[in-house]
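K.L.:
The structure follows.
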Amino acid sequence: MEKGQEIAASDGEKGPEHHAIDVGHVEHADGRGEDTEQKRVAVAEEVQKKSRRVAALDAFRGLTIVRVPNIGTAVKKIAIRTLKMLFWGVLLQALIPLHVLDEKFDDMYKGGYSHAPDDLSYGVDMKKIRWCGILQRIALVYFVVALIEAFTTKVRPTTVRSGPYAIFDAYRWQWLGGFIAFVIYIVTTFSLYVPDWSFVYHNDGDVNDGKQFTVQCGVRASLDQACNAVGYVDRQDCTFSSPNMGPLRADAPAWCLAPFEPEGLLSSISSILSGTIGIHYGHVLIHFKVISENSLRPGHKERLKHWLLMGFSLLVLGILLHFTKAIPINKQLYSFSYVCFTGGAAGIVLSAFYILIDVWGLRTPFLFLEWIGMNAMLVFVLGAQGILAAFVNGWYYKSPDNSLVHWIVNHVFVNVWHSQRLGTLLYVIFCEIVFWGVAAGVLHKMGIYWKL
């Protein structure tokens, strides 16, 4: 174990004033410095041997930061991981043709590397490629939060004293970064003037193909779907290259035909606060260690107290902001109420997994979630992004609708339950989740993981 590394402990041997053991070099005038250091290292190594991996973290995969001995190495690793996520994020937009996801974009926006040697109509138009995306958003959040974590290692205390706000004070720079992101988002959202805007709708065969629509705005501080600042900022960079529309109602207003970017710039800045909340849950895990076997020892109680208190507080705040109509919960805008609601729900779900798996030892029923968490990147790319399903659907008999996936969805689920929504939900639960749980388990047994 290297000097300067800290290990948290809660085995009942420490007093109420500290929750951590500082394994640092101490030099005394009487020459006892070396003996003191050896004793501390021995205690820390004993703690490390007895500590168990928190299996709930694999079942509830989140943001993790690996401590490294030097800031230069840390920044290098952060930069490489960020670039990897950006690379895969942009590559996914090129690999997945939008018409595979939605037929309305068949002639509007095409992408993908599969095409005939002399026919590039199915190629990648760099002018229309989607630069924003889920992995790009994760890369931004990771980059900001990880840099703050790396550069504040030497300025924060090595021990966390007792008190309800002590851990917040110890990591005040992380919270300051989240607060700055929150201020940028709120100030921009409520102060930026949104002028009238227009767009031309393109969809061959549609009655509105080629028509130009104008949306009347001219407002500030609007959270309406058509005239919010988030959409206005995104329209300046990535929206029109990133169409993302769902099925429209018959009475839907004209602006619903306009493309929008659900992972745009301003909403991604707001998501930095979500990353700050997530890393706080990790800090609680670090500083309150448990040396026990399936019993609710003090370390368990401290962890759960922090997670549940913050989780329920954020959840209640998000609900209040939504139902008082102060700031509605809106995923596309990544509103503050949405950050609070999802951050609070995450803390509660993590606590539930922790109690079931790590405290009560009920690990077997959740092994499939652990396996998925261990290979989260692979499951996201092949499963959540639909690449494997698109590949399977590419093999059909006579008609594209007569593929294996379509047959299972329609004949096993939708037609049996006489409901498109219920049938699709059951297909996702009993086919996709079960399939990826088994596939991730097989890959785990083989020692195959997709890491960044």
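Just so you know, glycine gets a Cβ as well, placed from its N, Cα and C.
For 1-37, the entry in TrEMBL reads region 'Disordered'. As annotated by TrEMBL, transmembrane segment applies to 134-152, 173-194, 265-286, 307-324, 336-357, 378-397, 424-443.
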K.L.:
Do the transmembrane segment (134-152) and the transmembrane segment (336-357) share at least 3 Cβ pairs closer than 8 Å, excluding pairs fewer than 6 residues apart in sequence?
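P.N.:
By the criterion, they do not touch.
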K.L.:
Counting only residues 6+ away from its ends, which parts of the chain sit with a Cβ under 8 Å from the transmembrane segment (173-194)?
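P.N.:
Same-chain contacts beyond the ends: 144-145, 148-149, 152, 155-156, 217-223, 227-233, 266, 269-270, 272-273, 275-277, 279-280, 283, 333-334, 336.
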K.L.:
When only pairs 6 or more apart in sequence are counted, do the transmembrane segment (265-286) and the transmembrane segment (336-357) reach 3 or more Cβ pairs under 8 Å?
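P.N.:
These two segments touch.
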K.L.:
Are there residues at least 6 beyond the ends of the transmembrane segment (336-357) whose Cβ is under 8 Å from a Cβ of it, and what are they?
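P.N.:
Those are 54-56, 59-60, 62, 182, 185-186, 270-271, 273-274, 277-278, 281, 300, 303-304, 307-308, 310-319, 321-322, 326-330, 363, 366, in sequence order.
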K.L.:
Where else in the chain does the transmembrane segment (307-324) make close Cβ contacts, counting only residues six or more beyond its ends and a cut-off under 8 Å?
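P.N.:
Answer is 277, 280-281, 284, 336-348, 350-351, 354.
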